[in-house]
Amino acid sequence: MEAAEGTVNGSVDYKGNPVHRSTSGGWRSASFIIAVEVAERFAYYGISSNLITYLTGPLGQSTASAAANVNTWSGTATLLPLLGAFVADSFLGRYRTIIAASLIYILGLGLLTLAAKLTSVNLHDCRSTKDARLCAPPRFQVILFFFSVYLVAVGQGGHKPCVQAFGGDQFDGQDPKESKAKSSFFNWWYFAISVGITVTLIVVVYIQDNLSWALGFGIPCVVLVAALLVFLLGSRTYRYSAKENRKNPFMRIGRVIVRAIRNRRTTPPAVPSEEDACLWDRCSEQFKFLNKALLAPDGSLEDQNVCSVNDVEDTKALLKLVPIWITSLAYAIAIAQTSTFFTKQGATLDRKIASGFKVPAASLQTFIGFSIMIFIPVYDRIVVPISRGLTLKPSGITMLQRIGTGMVFSVISMVTAALVEMKRLETARDHGLVDLPKVTVPMSIWWLVPQYILCGVADVLTIVGLQEFCYDQVPKELRSLGIALYLSIFGIGSFLSTFLISTINRATSGDGQESWFANNLNRAHLDYFYWLLAGLCALGFSAYLYFARSYIYSRERAI
């Protein structure tokens, strides 16, 4: 159906009426949505960035166990968006899902603050009485803590896939001016949330390490409450997706796959009618076996229960993402280390930058944010215009080229991390600190900055590229799922990282040998682990390159 002049096709206002381009959407509406996402990232990184320190500190876990718990929680948090996307795309819609998820998020943060407060009281009693039995937190407090962080993961699961998709919905991809703005939206979206992440790494992490864990968890809770109120203020300006197809999108996709399997032995008529031939011509050549979903059991296309061409093409669009999704996992495994072993490395080094002031080890992650904040404007304002002139593409380089370039930077970052760790171990040996893990290694913490910066540049290219790719190349009704698929790459990557760490820990700790991940990092071998990750990233990039070169962009969403 054609949109009336001045209205946006496929979008309605908050009352369900056709929405006018001049009074809705665009950067004005997107700014409200970006605000709530900045607050959500502020809250999420207020937990994730320093979680390993809390687990090895107040909760008393070993380094390997804490890293495994962090990766398991992080993996769960980035897989739950698949469930959140299903709920949003099938039932509630993105707007209502964001509100419901935010309320769950706030509840989880509130309980987490309570758990941290109870644990701090327990630690105070431990220090005052010097009773070792009181130093281990009671089982109830441990259960409350993990219940709280996983409740936060549930809230994030509903929040994360919907907010970015809802922000993208505020720009009309069919309008030339808004189409360019939409491409920039994904860049500046990541810039804004990087600001939020950087602030939490500077402010919240310092509060957690030096003042109070309860206060450090409570501040993100208050910030998220304020952001939810800001998000609600923009409700009258948002563009909401019109329900053009009343069928459940997941049911449509599932039906295509089921019917294609059932009709696998069915053949179309040898001499199709003119109408049937026209229908077949509209089908793409990829995944041709799915075209069988267009057939009735007798081989004709006249059954009312056959799937439509749009349903078949939408299913193909999702399946085309699978090779890209799989080959991006190595990148996700490498990036998972920035909040675990990178942080533990930093904790062993000289962190003094001024008299009496120590940089919290987790705050080094701010260099990822700083590099993102510097590189995104450079990319959007310099790299894209130059490459646009060379390639004549609106985005300069394709989304897949952007993703692949970031993967190359991830390999370089892991090689850099391995070399720096070798230097750290050598310094510890030279100063006789191998068996003194609590003594600071006389090596500046600034040695770790290059690996963080390289990870930040890789994020700008690969993560932002994956966000836009997964949003752009899926059917319109499944864009929340598209964002969830992008997030699930990092969820599975975290789980694979956990599996890798556990397997290596068991394999290298037998026969009286020190594990690669020994609690005493001066006897551990994180350098070996980083070399392994560099090899995995290089292998993953090679496989990615093979599939990316043969990828055919969806016709209606090509860039």
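Positions of Cβ are set from backbone N, Cα and C atoms, glycine also.
Residues or ranges marked as transmembrane segment by TrEMBL: 98-116, 136-154, 188-207, 213-233, 322-342, 362-379, 400-420, 483-508, 528-547.
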Inset, instruction - Check the transmembrane segment (362-379) against each of 98-116, 188-207, 400-420, 483-508, 528-547 and return whichever range has the most CB pairs under 8 Å. - result: 188-207
Inset, instruction - Verify whether three or more Cβ pairs under 8 angstroms connect the transmembrane segment (188-207) with the transmembrane segment (98-116), leaving out any pair fewer than 6 apart in sequence. - result: no
Legend entry - Range from 136-154, 188-207, 322-342, 483-508, 528-547 with most C-beta pairs under 8 A to the transmembrane segment (400-420): 528-547
Inset, instruction - For the transmembrane segment (188-207), find every same-chain residue at least 6 residues outside the stretch whose CB is under 8 Å from a CB in it, and list them. - result: 34, 37-39, 41-43, 45-46, 49-50, 164, 167, 215-216, 219-220, 360, 362-363, 365-366, 368-370, 372-373, 376-377, 380, 459-460, 463-464, 467
Legend entry - Distal contacts, the transmembrane segment (322-342) - CB-CB under 8 A, six or more residues away: 48-49, 51-52, 67, 70-71, 74, 362, 364-365, 368, 400, 403, 406-407, 410, 413-414, 417, 448, 451-452, 455, 458-459, 462, 466, 469, 485, 488-490, 492-494, 496-497, 500, 517, 526, 529-530, 533-534, 536-537, 539-541, 543-544, 547-548, 551
